[in-house]
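> Once you've had a glance at the structure underneath, I'll fire off some questions.
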2 protein chains.
Amino acid sequence: MSRAYNFCAGPAALPEPVLRQARDEMLDWRGTGMSVMEMSHRSDEFVEIAETAEKDLRELAGISDDYAVLFMQGGASGQFATVPLNLLGENTRVDYVNTGIWSKKAIAEAKRYATVNVAASSEDRGFTTVPDQSEWNTSADAAYLHYTPNETIGGLEYDFVPDSGRVPLVADMSSNILSRPVDVNRFGLIYAGAQKNIGPSGLVVVIIRKDLLGRARPETPTMMNYQVMADNASMYNTPATYSWYLAGLVFKWLKEQGGVDAMEALNYRKSKKLYDYIDASGFYANPIEPRFRSWMNVPFTLADDSLNGAFLKGADERGLLNLEGHRSVGGMRASIYNAMPEAGVDALIDYMAGFVKEHG
Amino acid sequence: MSRAYNFCAGPAALPEPVLRQARDEMLDWRGTGMSVMEMSHRSDEFVEIAETAEKDLRELAGISDDYAVLFMQGGASGQFATVPLNLLGENTRVDYVNTGIWSKKAIAEAKRYATVNVAASSEDRGFTTVPDQSEWNTSADAAYLHYTPNETIGGLEYDFVPDSGRVPLVADMSSNILSRPVDVNRFGLIYAGAQKNIGPSGLVVVIIRKDLLGRARPETPTMMNYQVMADNASMYNTPATYSWYLAGLVFKWLKEQGGVDAMEALNYRKSKKLYDYIDASGFYANPIEPRFRSWMNVPFTLADDSLNGAFLKGADERGLLNLEGHRSVGGMRASIYNAMPEAGVDALIDYMAGFVKEHG
């Protein structure tokens with residue numbers, strides 16, 4: 001098969017030029033006689049790769065020197081513990097907003113370390129909306145306020161950045177980082193598992209305001225201590241070097257595409273045409289309140305669930321892969337991250353329309 | 001440059017056939033139209049890759065069904081905390097043997113969670129030997145006995161497996177796993193960062209006797225809980241999928257080479273000829289008691305330290321890379337893991353001999 005359109009929620013499709021470059025450099029990075037994955041993390045070559053990746057990310061996301069950028073391991077799920085361990089300090093109370101399955105996972109892990117106040121939840125509305133911030137029951141003395149800007153499974157995305165006052169705002173941006181501009185200065189901490197918009201799995205990027213460093217609780221494993229990681233430029237121990245390199249290639253590619261502004265325009269177009277088609281189809285449906293529909297993850301159901309198997313089989317045959325919805329919600333889901341070209345969305349809509357003609 | 005001989009201590013050289021296969025499969029794994037790094041970790045394709053890697057590792061290392069094999073993140077340094085958090089149970093006392101810098105790091109992290117009894121140490125002898133086990137001050141009620149079979153920095157390797165009685169034996173095998181046969185049944189737990197003999201960094205393999213699962217302390221981050229990882233086949237969250245795939249390619253390559261027995265013969269030959277040359281040279285020196293010289297990491301000094309720069313420069317020019325010793329000990333170090341062909345050691349010895357003729 002030639003390259004397919006891969007709608008997987010994560011690990012997800014990477015830009016083809018990135019994969020081509022990685023392929024071409026696999027046995028010999030720029031005449032060094034080594035693959036990047038064979039380089040000492042302390043070598044001049046790798047340090048340059050690592051620093052360039054950070055610099056490009058800072059430029060793309062508009063990250064000031066008030067923030068440290070960390071390249072850690074353990075994914076977002078690791079951060080679910082790392083965040084409270086590092087940010088609680090002497091405090092015991094934290095605020096979380098519950099808008100879906102990933103919010104719930106973050107809350108469950110935080111409860112093991114802190115008293116979690118669920119400041120707002122849309123669970124009673126099936127996670128189809130984001131509670132209006134005027135109704136949030138936040139506390140002025142919380143160690144932080146945590147939310148999930150994009151729920152990968154539900155396909156729900158905030159269209160605003162919450163106002164957390166003087167309480168540090170913490171966001172799990174795993175599935176929408178770099179997909180459109182965000183004012184980083186509004187946040188105390190942003191974390192993102194790499195395997196959607198950044199690179200391969202096994203890497204998690206953390207952006208933390210420097211005044212929040214140095215508060216880790218005594219039981220924090222050293223590998224999870226943000227201060228230690230910041231002091232050592234994320235090389236306290238051997239980092240995930242090859243994933244870091246690939247993230248750097250993705251950042252370069254993003255810059256070549258025009259950066260996050262260009263991604264915003266593209267992602268808006270891609271998601272709008274897919275939602276517009278779904279709404280007009282009379283056959284497919286998406287349950288999310290339109291204002292909060294995710295630009296990254298588009299779940300949809302068929303008018304008749306018994307056709308799901310035929311839909312997926314036909315899609316596979318056309319190279320439209322991994323459209324099955326998450327096992328917890330069923331139906332379909334098209335994840336259309338930065339690396340999904342508009343032609344992939346067009347091909348999906350074509351297929352969906354053809355399927356309706358045949359089965360609708 | 002064509003492929004160099006890379007003597008880096010880690011991340012280290014990988015077998016060239018592994019890199020070639022990874023290169024060839026980068027954009028399309030076996031007609032799927034996807035790179036392995038773009039696959040869902042829950043897809044049939046990736047689960048097969050993951051299970052095959054585990055099966056091959058079990059076959060190579062002789063791991064019985066009494067043991068779980070985990071593919072985790074965070075490297076050996078992460079395990080320095082993960083081990084006590086999971087194995088202490090109600091106990092507070094653990095035994096460690098100190099034979100070098102990596103032992104010391106493991107001890108420092110364990111002290112944050114437990115009362116560490118350093119049962120034996122060769123620090124007063126400059127870590128040039130392993131204390132005789134008859135002198136070890138171990139405790140029958142320790143939660144476990146931890147040692148470092150191969151000290152990557154010092155170049156010290158145990159030539160025996162300690163007898164820990166009924167206390168579980170724990171080993172950091174990062175730098176010598178799969179380099180020669182080991183009776184896994186002697187161990188409670190083995191861990192190994194991948195970036196020396198297994199694959200790229202960002203992956204750590206844990207082999208744990210199943211009766212040691214389920215003892216994690218309450219504060220253990222879920223991502224570090226061996227029981228959770230075992231229950232979920234290391235896919236509680238998204239694992240480092242691409243590193244896992246590459247590890248699988250390395251295991252296949254090892255099997256094609258004749259497995260761990262063949263590696264033992266090769267590694268013995270490679271290290272013996274290098275040590276024999278060093279001892280006979282009258283110019284180079286290795287300080288380790290011969291019985292405990294590492295087959296994997298061969299540190300050596302020149303008769304005149306002021307020649308170090310010239311030695312390294314000449315080596316680089318000949319494609320003999322990363323021979324500089326660790327910053328904490330100086331001198332030179334040749335790491336000659338499984339993937340280093342015998343021809344690489346021959347080329348190094350040729351260069352060393354030529355250097356003596358010119359400068360000795």
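Heads up, the Cβ atoms here are built off N, Cα and C, so glycines get one too.
Here's the feature list from TrEMBL:
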type: BINDING; residues: A:ARG42; note: L-glutamate binding site
type: BINDING; residues: A:ALA76, A:SER77, A:TRP102, A:THR152, A:ASP172, A:GLN195, A:ASN237, A:THR238; note: pyridoxal 5'-phosphate binding site
type: DOMAIN; residues: A:5-348; note: domain 'Aminotransferase class V'
type: MOD_RES; residues: A:LYS196; note: N6-(pyridoxal phosphate)lysine
> How big is the Cα-to-Cα gap, in Å, between A:ASN237 (pyridoxal 5'-phosphate binding site) and A:LYS196 (N6-(pyridoxal phosphate)lysine)?
25
> Neighbour count first, Cβ atoms within 10 Å, every protein chain included; then name which of A:ARG42, A:LYS196 tops the list of recorded positions.
A:LYS196
> Less than 8 Å, Cβ to Cβ, versus chain B; work out which of the recorded positions A:SER77, A:TRP102, A:THR152, A:LYS196 satisfy that and list them by sequence.
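The answer, in sequence order, is A:SER77.
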> Using C-alpha atoms only, work out the spacing between A:SER77 (pyridoxal 5'-phosphate binding site) and A:LYS196 (N6-(pyridoxal phosphate)lysine) and round it to an integer in Å.
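Rounded to a whole number, the Cα-Cα distance is 14 Å.
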> For the residue listed as 'N6-(pyridoxal phosphate)lysine', which of the listed binding-site residues (A:ARG42, A:ALA76, A:ASP172) have their CA atom within 10 A of its CA?
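Of A:ARG42, A:ALA76, A:ASP172, within range: none.
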> Distance between the residue listed as 'L-glutamate binding site' and A:TRP102 (pyridoxal 5'-phosphate binding site) at the Cα atoms, whole Å?
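Cα-Cα distance, the residue listed as 'L-glutamate binding site' to A:TRP102 (pyridoxal 5'-phosphate binding site): 35 Å.
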> Would you mind pulling the longest C-alpha to C-alpha span across A:ALA76, A:SER77, A:TRP102, A:THR152, A:ASP172, A:GLN195, A:ASN237, A:THR238, which the record has binding pyridoxal 5'-phosphate, in angstrom?
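Per the listed residues, the maximum Cα distance equals 31 Å.
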> Can you check what DSSP calls A:ASP172 (pyridoxal 5'-phosphate binding site), collapsed to helix, strand or coil?
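It is in a strand.
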> With every protein chain in view, how many other Cβ atoms are within 10 Å of the Cβ of A:ALA76 (pyridoxal 5'-phosphate binding site)?
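By my count, 27.
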> For A:GLN195 (pyridoxal 5'-phosphate binding site), which residues in the same chain are close in space, meaning a Cβ under 8 Å from its Cβ, but six or more apart along the sequence?
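Expected: A:GLY10, A:PRO11, A:ALA12, A:GLY75, A:SER174, A:SER201, A:GLY202, A:LEU203.
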> When you tally the Cβ atoms that lie within 10 Å of each candidate's Cβ, which of the binding-site residues (A:THR152, A:ASN237, A:THR238) has the highest tally?
A:THR152
> Report, as a single number, how many Cβ atoms besides its own are within 10 Å of the Cβ of A:SER77 (pyridoxal 5'-phosphate binding site).
23
> Summarise the model confidence on the domain 'Aminotransferase class V' (A:5-348) as a single mean pLDDT, whole number.
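Overall, the domain 'Aminotransferase class V' (A:5-348) comes to a mean pLDDT of 97.
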> For A:TRP102 (pyridoxal 5'-phosphate binding site), which residues of its chain lie six or more apart in sequence with Cβ-Cβ distance below 8 Å?
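Long-range Cβ contacts: A:ALA76, A:THR148, A:GLU151, A:THR152, A:ILE153, A:ASP172, A:SER174.
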